[in-house]
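Undergrad: Straight from Swiss-Prot, here's the annotation block:
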DOMAIN    53-83  domain '4Fe-4S ferredoxin-type 1'
BINDING   C63, C66, C69, C113  [4Fe-4S] cluster 1 binding site
BINDING   C73, C103, C106, C109  [4Fe-4S] cluster 2 binding site
DOMAIN    94-123  domain '4Fe-4S ferredoxin-type 2'
Amino acid sequence: MASIAQAAKSLLLKEFASAFALSMRQFFAPKATLNYPHEKGPVSPRFRGEHALRRYPNGEERCIACKLCEAICPAQAITIEAGPRRNDGTRRTVRYDIDMVKCIYCGFCQEACPVDAIVEGPNFEFATETREELYYDKDKLLANGDHWEREIARNIAMDAPYR
């Protein structure tokens, strides 16, 4: 009896028909592959990419030189030098360097910052040809912040209820 059932299956090509049906379903399904350099997939609002220093809407930098990010960095990739106190009692940084070679993109610096000055932005395309280009100074970080501010502000606003 089993041999008759086996013969019927092979004669009717049931496996072939089911495999062909599966192939046709996949053929007409939407593409799951992206052509990367030309198409980019969605990035989570919590994505931790290239670092940036933010400014207030009036153009003043946010960093108050509290050095919490430098203290919490497990890779010791951040170096900060604070300037003298200003007339209003606040301080600003004279030097703010991040060694991106050491950075492990943990996001602790962003979490520790009381004024949301240092953030990890949405940019993931920052490959370089030399190692020296991965040592970010204050000017580079502020330029990143100016360039990505709209997306950074949107991502922080989306994540605000969970902070």
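Just so you know, glycine gets a Cβ as well, placed from its N, Cα and C.
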Undergrad: Taking only same-chain residues 6+ apart in sequence, whose CB is under 8 Å from that of C103 ([4Fe-4S] cluster 2 binding site), what do you get?
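TA: In sequence order, H51, A75, A77 meet the Cβ cut-off.
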Undergrad: Could you give me the DSSP helix, strand and coil counts for the domain '4Fe-4S ferredoxin-type 1' (53-83)?
TA: 5 helix, 8 strand, 18 coil
Undergrad: To the nearest whole angstrom, what is the C-alpha distance linking C73 ([4Fe-4S] cluster 2 binding site) and C66 ([4Fe-4S] cluster 1 binding site)?
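TA: About 14 Å separate the Cα atoms of these two residues.
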Undergrad: Could you state the whole-number distance in Å separating the C-alpha atoms of C66 ([4Fe-4S] cluster 1 binding site) and C106 ([4Fe-4S] cluster 2 binding site)?
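TA: Pair distance, Cα basis, whole Å: 19 Å.
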Undergrad: If you count other Cβ atoms within 10 Å of each one's Cβ, which of the binding-site residues C73, C109 has the most?
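TA: Buried the deepest by this measure is C109.
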Undergrad: Using DSSP, tally how many residues of the domain '4Fe-4S ferredoxin-type 2' (94-123) sit in helix, strand and coil.
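TA: Counts, helix then strand then coil: 5 helix, 9 strand, 16 coil.
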Undergrad: Most Cβ neighbours within 10 Å: which of the binding-site residues C63, C106 is it?
TA: C63
Undergrad: Indicate the candidate from C66, C69 with the smallest number of other Cβ atoms within 10 Å of its Cβ, considering only these binding-site residues.
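TA: Fewest other Cβ atoms within 10 Å, among the binding-site residues C66, C69, is found for C66.
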